[in-house]
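S.K.: The domain 'Cation/H+ exchanger transmembrane' annotation in TrEMBL covers 47-429. The transmembrane segment annotation in TrEMBL covers 101-119, 131-152, 197-220, 232-249, 270-299, 319-339, 346-367, 409-433. Per TrEMBL, the feature domain 'Cation/H(+) antiporter central' maps to 488-610. The feature domain 'Cation/H(+) antiporter C-terminal' is assigned by TrEMBL to 631-776.
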């Protein structure tokens, strides 16, 4: 017989039989064997957590709330411990193995948490983030300490609760950087203004919380053993830190160097070596009397973040840990909690301390924010984000329970309080704070149509891959930068955030060396710097690198476009062609482009470059071409077509560019008339006027009658092989006879009807296509008036002088 300790402190005797079942066909009950029970537990916990996250994520709930709720549902709190089904799937005898697997998952999770954390945020944090972090740590701790002293002296409570009341207040006041980072990622606020400030502040408050809690655990453990082991434990922890920094970390840098030399993905042997390091650090921590999670956490902090090592570890381990191991850990943790055995007085006492912690964090974050002239809604949102708690706090509570700093009932109520507070704050934050409001709060026209033709043109160029560089440089050259009308372009290289929790927005200064994280951007930036040098004073360049999740990458693009007051954002199409077909779909980049189209505070152009071939194709620079660069424009009507025409009119002044504008007109007798037909006529008449008055020889205008989509397709088929660049508008009137039937096979909605036709696989065109969408002014009646005034003060607009209509076809700047 095997005798094992169960999770509730009792002893369980079980026969020493086979661990695996022979199967139901041989008369075995699979749930009588440990292997089957273990697999069933993992399956049930993972499946229920996944289903609950699908239901709760749309309303803004974090993954922690869903995971903990599943743990409570499968525990004794909801079924009284008498459910026949749960007794079969979660018998007492299985908790010995199940708890070991759950804590093994926590060990890997803490290691990955350390890998994603960037301690340099502490030194890079500004004064505001530093003050908020310190106050968020001190205010709730001070409030809860005073509140616990008052409650002890005025309320008659259980003796165990009274003894642990101070520790309960301290645990409720703790915060964690990674928990806040996970909440921001769930809410898609990671690289918003509030998200960046919350990350920097939480790094300060989380570091202070963790240091104080580790010291308290060490003091508690030495006092329980009645031995003066504190100096020896401190020496051993210091030795482990020295070992990690001066022995294991150089090995990691050697791994990174070898991987960069080989140029391929990281070897499996290196990942195995990192896994051995993690197990050794965990064993060493347990050996010297510390928590076994401390060593992996310290090792993770020493791992070089980002590619190739940090990102590889996260890619290989995170999905399995977050989807399988962590849900199982929360189920095992929920088995300790039985809410039916709690008394209401204990619940209200602990909830009062949780509310005191919430108020302390709100005050600590809101007061400095208001002092720094942040809007009230943003300040409250920051305070709510800083008050969230998660899995790292649960781990602290379990260690406090093990060291008898809190009792089991207090632990249960504290977990319930964390669920209530986090579950309530996340939807409120999602409802209060929407980063896109800052972009839609733009009441100024930022388009090429409303930009002075003799003034500076500002554009924002987005680059996903190095292959996008030649076509974007050619587009800049075609845009005709001159000394009188220069182009100021802002280059932003978009990189997916991997291997770290905090996003980056790096400004590359010309006379400053790039950081190691920017190696991927160096070649791209060097190419554009060479173009700037060859263009003399015609172009001005500012380079940025954005390292962010795909889900929120558009925030950096839109915020930069708003701050720099650009007239157009140009993004590359998400698919690239081989010789005969497109490569596999990059859905994440497509989602980024769609978000930019819907939220950009200016016009947007999607650049489709078919010359990115697998082997042989090259994009020849305009300045090196012997023949003219042929630009074609398909004009159907609407604001997007007018924006494309405005851009094309700027191009035609280039000496090596020839422009042909093809206007599609309906046959006589057609009843359908576009809504803004007058603006189209005015724009076209001014275009004809500038053609005749300026003496430009390489500019042509023709009208083609088309009654249905067949005529439209015929025009496109004629143009796609005769031009180097084709400009089209994105949005058109879907009720027009030209587009009837095209909705049925609209493969890329972000390109519009015509752009989609030119980008499909059965259109082997050699022409580059630029799909243009003019800025859409969105009503801002839902925004606060003081916030709108703040935006106007933060991003002042230049004064544009009225243009003389005799020498310019552009409309007057919109007075709004």
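Heads up, the Cβ atoms here are built off N, Cα and C, so glycines get one too.
Remember, predicted model here, so these are calculated numbers, not experimental data.
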S.K.: From the DSSP assignment alone, can you count helix, strand and coil residues within the domain 'Cation/H(+) antiporter C-terminal' (631-776)?
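M.R.: Breakdown, helix to coil: 60 helix, 32 strand, 54 coil.
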S.K.: Check the transmembrane segment (319-339) against each of 101-119, 131-152, 232-249, 346-367, 409-433 and return whichever range has the most CB pairs under 8 Å.
M.R.: 101-119
S.K.: Contact between the transmembrane segment (131-152) and the transmembrane segment (270-299) is defined here as three or more C-beta pairs under 8 Å separated by at least 6 residues; is that satisfied?
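M.R.: They do not touch: fewer than three Cβ pairs between the two stretches lie under 8 Å.
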S.K.: Do the transmembrane segment (346-367) and the transmembrane segment (101-119) share at least 3 Cβ pairs closer than 8 Å, excluding pairs fewer than 6 residues apart in sequence?
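M.R.: Answer no: the transmembrane segment (346-367) and the transmembrane segment (101-119) share fewer than 3 Cβ pairs below 8 Å.
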S.K.: Is the transmembrane segment (101-119) close to the transmembrane segment (131-152), in the sense of at least 3 CB pairs under 8 angstroms with a sequence gap of 6 or more?
M.R.: no
S.K.: Mind checking which residues of the chain, 6+ beyond the ends of the transmembrane segment (101-119), have their Cβ under 8 Å from one of its Cβ atoms?
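M.R.: Distant Cβ neighbours of the transmembrane segment (101-119) are 38, 177-178, 181, 203, 278, 282, 292-293, 296-303, 305, 310, 313-314, 317-318, 321-322, 324-326, 328-329, 331-333, 391-392, 395, 499-502.
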S.K.: Could you please provide the mean pLDDT value for the domain 'Cation/H(+) antiporter central' (488-610)?
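M.R.: Value for the domain 'Cation/H(+) antiporter central' (488-610), mean pLDDT as a whole number: 80.
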S.K.: For the domain 'Cation/H(+) antiporter central' (488-610), jot down how many residues DSSP puts in helix, in strand and in coil.
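M.R.: Secondary-structure breakdown of the domain 'Cation/H(+) antiporter central' (488-610): 47 helix, 37 strand, 39 coil.
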